[in-house]
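J.: What follows is a single structure, and I will ask about it in a moment.
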């Protein structure tokens, strides 16, 4: 039934209740029938209202749950991002520390190597003074005279020009 029909029925009932002084059984049956119809219509309206209220509440609840679920997803994403970022920062710091340690070790090795080479050079300088010097072997027996530089020696004897 439409709303206009229900208004007409309600108005008709009000008229009938004021003019229902007659005790005709047919009229009473119609009045009872109208009351039953009105009663069932009111119950139907009430059930529809309840359904609408329940539907609205369910929609609100589903929207609230969806919003809450979305918020949980956002929080989870933020948390996982924060954990990922923390992990990456830790890895970066560890990598930098490892690089720094490797560089320090290389510098230490370089210093040790330089120190050892300086020691070897100084030891060589000290020991080279004591060691005999090598002689040139291309001069034959004359090389046994030592490493003294020789003066000029003319291989042709001097001839008088006269």
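Keep in mind that glycine also has a Cβ here, set from the backbone N, Cα and C atoms.
Quantities reported herein were computed from a predicted structural model and do not represent experimental measurements.
When I checked TrEMBL for this same protein, it listed these features:
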type	residues	note
COMPBIAS	13-22	compositional bias 'Polar residues'
COMPBIAS	23-37	compositional bias 'Basic and acidic residues'
COMPBIAS	45-69	compositional bias 'Basic and acidic residues'
COMPBIAS	88-121	compositional bias 'Basic and acidic residues'
COMPBIAS	139-148	compositional bias 'Polar residues'
DOMAIN	14-158	domain 'Coiled-coil'
REGION	1-69	region 'Disordered'
REGION	84-162	region 'Disordered'
J.: What are the DSSP helix/strand/coil residue counts across the compositional bias 'Basic and acidic residues' (45-69)?
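T.: The breakdown for the compositional bias 'Basic and acidic residues' (45-69) reads 25 helix, 0 strand, 0 coil.
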J.: As a quick check of your reading of DSSP, tell me how many residues in the compositional bias 'Basic and acidic residues' (88-121) are helical, how many are strand and how many are coil.
T.: 34 helix, 0 strand, 0 coil
J.: Across the domain 'Coiled-coil' (14-158), what does the pLDDT come to on average, as a whole number?
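T.: For the domain 'Coiled-coil' (14-158), the model's average pLDDT rounds to 86.
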